[in-house]
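*Asks:* I'd like to ask you about the structure that follows.
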Amino acid sequence: MEASSWLCYQARGFGSSRVWLWLLLALVLLNCSLVLSASPYLVGMGSFDITGPAADVNMMGYANTEQIASGIHFRLKSRAFIVAEPNGKRVVFVNIDACMASQIVTIKVLERLKARYGDLYNENNVAISGIHTHAGPGGYLQYVVYIVTSLGFVRQSFDVIVDGIEQSIVEAHNNLRPGKIFVNKGDLLDAGVNRSPSAYLNNPAEERSKYEYNVDKEMTLIKFVDDELGPVGSFNWFATHGTSMSRTNSLISGDNKGAAARFMEDWAEQMGLPKQSAHANSDDLRSLHKTSVLPRRVSTIIPEPNEITDDLIQLASSYEASGGRRLAGSSITRRIRSTQQNKPKFVSAFCQSNCGDVSPNVLGTFCIDTNLPCDFNHSTCNGKNELCYGRGPGYPDEFESTRVIGNRQFLKARDLFDSASEEIQGKIDYRHTYLDFSKLEVKVSTSAGGQQTVKTCPAAMGFAFAAGTTDGPGAFDFRQGDVKGNPFWKLVRNLLKTPGKDQVECHSPKPILLDTGEMKEPYDWAPAILPVQMIRIGQLVILCVPGEFTTMAGRRLRDAVKTVLTSGNSEFDKNIHVVLAGLTNSYSQYITTFEEYQIQRYEGASTLYGPHTLSAYIQEFQKLAMAMIANKEVPTNFQPPDMLDKQIGLLPGVVFDSTPLGVKFGDVNSDVPGNSTFNKGSTVNATFYSACPRNDLLTDGTFALVEKLDGNNNWVPVYDDDDWSLRFKWSRPARLSSRSFATLEWTVPEDAAAGVYRLRHFGASKPMFGSVRHFTGTSRAFAVR
C-alpha cells in the first residue's frame, strides 16, 4: 500500500486531525533526537588583552634585574574555552600569555566569577594555565621569591591579568552554543630539545628505552566546531619552553607559543572562520591553507593593491607628519580586529605541558667566547656557566627564532586541526583539592620490592638554581650539577636563613641555597599549599599541575593516571587521551624524577619539596582518578593563603611626563625620509615624543598603527601593535628623565598591498597636576612597492 493511500485509510478510520497530530509529534521528537545527537555539548570561546605595563616593569622568567619592559613585540592574551553538558556539568580552561599561573590571580578571578555567576564556576571546574613566556611583565605573584626582581608586587600587572581572564571567561560564557569537539594528536620533531640530557640519562635505562626521544614530541589538539558557525577555535598542548626570546629582550612578547596562537588566529581570519553560515566545508579549508603563507592581519576594506606610479609617490609626499594632538580617551581604541563582531571570534591557544627540561633553542648549546659546545654535565665554558647559551633556529636573531619555533607549532596545529576526525564523547567531570606539599606523606617502592613511607619537605632551592639554564645562564661561580655547594655562598645564605639539620637531610643531595619554605618575612617566600586538579571532557583528561614537570616526570604522571582510569570496570577505554597542563592555577617551580633530582641540574635544584616531590604528585593524582571512577568527591582540608593585603610594591609610579619647549606629545622626533619608497621586507621607522605607557595600558587598544590611504583618500588602519610586523619601542634619554620617545618599527610584509602608508602613535601623558591626557601623532606618508 502506498503511503498516501495508507494515510487516507488512517484518516477515515481514526480522524485526520488525530493522525496529523501524531505525525507532527513524531517529527518533533525525531528532530529533537537529531539535535541532541549532533550537539553533545555547549561550547564557548573567548579571549581578551592582558598585555600589561610596557615600561619600567621587570619581566618574569629569567630573574634578570636588568630585563625591564620597554615596548611591545606583540600583545599578550587570555584565551578561554567553556564546555558544558546542556543540563549538566561544565568546565573552563583558560590559557594566559604569561610566565605562569599565580595563586593570588586564581583566587581573585574565582571571587569575581562567584560574584557574577554564583556557584556556576568555582575552583573545582576552572583551570588557569600559563604558556611560560619569559617576556611578560612580572610582579603578579604573591610569594616573595617570585617578585624580588620586580621590586615587589606590581598592581598594574596583577590587575590587567585578573581583568583579562575574567573578560575572556565572560565572553566564552556568552558564546556558549551547541557544538562538537574533536581530538587529534601528532609528533612535532623540531621545536624542542632536552636542555639537561645528563639528568635525563640518570633515569633507568629500561624506562628510557620505551621512548624514542628524550623530550615529548607529541602535540594533542582539540578542535571546537559550532553547529551553525563551523570551527570556532582550538586548544593544544605541547612541551617547549617560552625562551626563544632571550634574557636581554625588553619587548613584551608571547614568545613562540604566543606567536603560534597569533599565526593560527590570523590564518583562521583569512579563511573567514567562524563561518557566517552553517556547515563549514572541510575541503575548502584544506585548499585554502595549502596555499597560505605566514598569516597576517589586514583590514578587509583595503582595496586591491595599487601599482606604484610617480603620481602615487607624489601623493605620498603631499602628506606630512600631522603633529601631536589631544584625543578623547575613547578614540585610542582602534584595533584592527573589531571587537563588535556579530559572530564569535576564532580563538586558538597553544598551551604548555611538561616543558621543564625542554628548550626551543634547538641548535644546541655553545660557548659564546669560543663557539665550541658547552660542557655536557655542567653546561659551563672553562668552568663558567654564564658563557654557555642555547641557540635557536634563527640564531643570532631571537625574533627569528621565536617566529620559526612558533610557526612550526602553528603548522603542526593547523594540520591536526584540519585532519581531526575523532569526536570527543562522554560526560564532563572534574576533581580538585589542595595539599600541603611541605609535609606530605608518600608511599614509595623500595629496592627490595616493598614499600616505605617518606615525606616531602618545606620548600628550598639548591645552588644550581642560581646557575640558571642554557636558555638563560645565571651569574657568579654557580654551576649546574652542584651537589656540594660553596662555603662562601653558604655564609651569605645563612644571613637570610640557616636551614636546620632535618631540612638539609630531607632535601639531600640538594645543597640548600635558599630555604624559602621556612622564610616568612615580610610574608611567605614560597608556597606550601598547592592545588591539584583533573578535568575530564569525554575521553580527554587534563592533569592540571602547578609547576614545570620534566619530560620523564610528566610521562610517569600521565601513565600512572591512565593506568588507574583504564583498570577494572572503569568506563574509560584504552583510547583515553591524557594531557598534562603545566604551570596551572598556581606556581611551585620544577618537578623532576627522583633519579634526575640526584644530578642536581637547574631543574633538580628547583624541585622545591625534595626528592619525592614527583611521587607525591603521582600518589595524589591517582587518588583523584580513583575518586572520579567511583564518582566520589575529594575532601579539601587546606586553603592557600590570600596575601594580597600584605603585598609590598617598591616600583615608583610615574611622576609626570614632559616634552621640550614648543613640542607637543605625538610630534615626530625622527620622521620617515621624505619622498621615500620602501620594498617588501624593508623596515620603516619613525620616532615620536611620547609619554610613559604605564599612564594608560591601552588594554584592547594599541600604541602603534600602520595606516593605508584608500581610494577615497581616507586613512584606514591595517596593522597594529599586535601584529608580528610592527614593533612599539619605548625609551627615556636618561633613567630619571620625564621625557620619553616611542619608536614605531614596521617591517613591510612580503604580501603587503602596494600603496601609500603612514605610521601613527597613540599614548597618554601625565601632567604634574591633573588627569592623564591622551594624544596621537602621525609620520609623513611613504609609498610601498
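Each Cβ is built from the backbone N, Cα and C atoms, and glycine gets one as well.
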*Asks:* Could you check Swiss-Prot and say which of ASN194, ASN685 is marked as N-linked glycosylation site?
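*Replies:* Candidates were ASN194, ASN685; Swiss-Prot attaches N-linked glycosylation site to ASN685.
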*Asks:* Around the Cβ of ASN685 (N-linked glycosylation site), how many other Cβ atoms lie within 10 Å? Please give the count over every shown protein chain.
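*Replies:* I count 16 other Cβ atoms within 10 Å of it.
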*Asks:* In whole Å, how far is SER359 (active site, nucleophile) from ASN377 (N-linked glycosylation site) when you measure between their Cα atoms?
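*Replies:* ASN377 (N-linked glycosylation site) to SER359 (active site, nucleophile), Cα-Cα distance: 16 Å.
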*Asks:* Can you give me the Cα-Cα distance between ASN685 (N-linked glycosylation site) and ASN675 (N-linked glycosylation site) in Å, rounded to a whole number?
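*Replies:* That comes out at 14 Å between the alpha carbons.
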*Asks:* Taking the Cβ of each of the recorded positions and counting other Cβ atoms inside 10 Å, which one has the highest number: SER359, ASN377, ASN675?
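*Replies:* Comparing the recorded positions SER359, ASN377, ASN675, the most crowded Cβ belongs to SER359.
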*Asks:* Provide, as an integer number of angstrom, the distance between the C-alpha atoms of SER359 (active site, nucleophile) and ASN675 (N-linked glycosylation site).
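*Replies:* Their Cα atoms are separated by 46 Å.
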